[in-house]
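K.L.:
From Swiss-Prot, for reference:
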- 84, 87-88, 92, 94-97, 112-120, 124: 5-phospho-alpha-D-ribose 1-diphosphate binding site (BINDING)
- 84, 115: anthranilate 1 binding site (BINDING)
- 96, 230: Mg(2+) 1 binding site (BINDING)
- 170: anthranilate 2 binding site (BINDING)
- 229, 230: Mg(2+) 2 binding site (BINDING)
């Protein structure tokens, strides 16, 4: 069933839901650039004001996946994405990127989907470039990277070219819209497992149920109650877990895993170079908060990837990957592998 853009806008004004097929139609218009900037801006703002439903987000993510340049991965076992929505305003170093190296070193395959920093001082793309990684790979090269190194970085603009049709509107609006939460839902490699950090407590239950509708296997959506879009050391973390088709919501604390609750203040960085230094320090097994929060998040990712039986088991595997030097070696391995494709 189709709906006109004007009807959709009226629906948002009346705080009524746009149904699945209607949302598919609208989103395709946006992704093809067939809506005027005024209409596109009005609809995505209207959705934000009325609050997007699980069904609307799932439909939008379905279309964004349709328009993506996909990465074909042959073996889906222990395959995980570690990603945050960003926008948490914490300005910490790239914890999920550091966790990628540890998670891969401990036996998972990681497809990291990311971009340059917008709200943060250093996005995943920025810190990977600072480390010497070539982020500008084609889809087949990313697939080769995952097969060879256990890691692949998908630079969002290379995989979502249709997003250029809404980029100017989003930039001019300058407020969060549905597109801020679609990125983590649209991994171009289709990783069935995921550790996803979100910027608001309400999104925990929403995003995990969107992933349920999209057919994901094992997903942990997390929100640190100190405002972090990661598993936090500074507060309890809300978790929405999808496993075997069922959703469970619960809370975890650093002390549950023998970790001390400490402030995340020392994790703040001003730029990608500072983030690089902190990331390498953690992977070099330097004692401190950076190493502990990477261990905690990598351990959670290893549980999501089904490499570990529990978060606690995952943390133990993460500790071993760091202490053995395997996690640090993964950085050099990814740099070497991706540099051969330098154009």
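Cβ atoms here come from the backbone N, Cα and C positions, even for glycine.
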K.L.:
For residue 229 (Mg(2+) 2 binding site), name the DSSP secondary structure in the helix/strand/coil scheme.
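P.N.:
Reduced to three states, the DSSP call for residue 229 (Mg(2+) 2 binding site) is coil.
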K.L.:
Do you know offhand how many angstrom separate residue 92 (5-phospho-alpha-D-ribose 1-diphosphate binding site) and residue 170 (anthranilate 2 binding site) by C-alpha?
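P.N.:
That comes out at 24 Å between the alpha carbons.
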K.L.:
Residue 84 (5-phospho-alpha-D-ribose 1-diphosphate binding site): which of the binding-site residues 170, 229, 230 have a C-alpha within 10 angstroms of it?
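P.N.:
Of 170, 229, 230, within range: 229, 230.
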K.L.:
Determine, using Cα-Cα distances only, which of these binding-site residues is closest to residue 115 (anthranilate 1 binding site): 96, 170, 229, 230.
P.N.:
96
K.L.:
So which binding-site residues are near residue 230 (Mg(2+) 1 binding site), with CA atoms within 10 Å, out of 96, 113, 116?
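P.N.:
For residue 230 (Mg(2+) 1 binding site), the binding-site residues whose Cα atoms are within 10 Å come to 96.
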